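So that you can see what the record holds, here are the features copied from TrEMBL:
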{"type": "REGION", "residues": "1-21", "note": "region 'Disordered'"}
{"type": "DOMAIN", "residues": "3-108", "note": "domain 'UBP-type'"}
Amino acid sequence: MKKPCSHLEVTEHHRKAPVHPSGHGCMECLKDGGDWVHLRMCLTCGHVGCCDDSPSRHATRHFHASSHPVIKSFEPGEDWAWCFVDEQLVERIPTFPGESPPVHYSAP
Ligand SMILES: [Zn+2]
Ligand SMILES: [Zn+2]
Ligand SMILES: [Zn+2]
């Protein structure tokens, strides 16, 4: 197995404080009235954005705009993390309370 990249290494072992999700849905889609499939949360700033199966792919766009490297799934029961820079996945990361939603949030 490949060793996780430095970003995922930090994500797995060296996070000291929780990030706070920006809201109960994709930040940009909520503003624009867009729809999404699944949600992802930026582990640098808590930006919640929609996945690449969604029409607007705001999580990926947030990475390109901000260079924040790692997202976590923001779906119930899913604690995987993905590094955009190295295109690597970790299947389960330790999380803090509030980082995983209790339910799937769908667009209003
Ligand atoms: Zn990385
Ligand atoms: Zn979106
Ligand atoms: Zn971010």
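Counting begins at 1 with the first residue displayed.
In case you wondered, yes, glycine gets a Cβ from its N, Cα and C as well.
Within the domain 'UBP-type' (3-108), the DSSP-based counts of helix, strand and coil residues read 23 helix, 17 strand, 66 coil. Mean pLDDT, taken over the domain 'UBP-type' (3-108), works out to 97 on the 0 to 100 scale.
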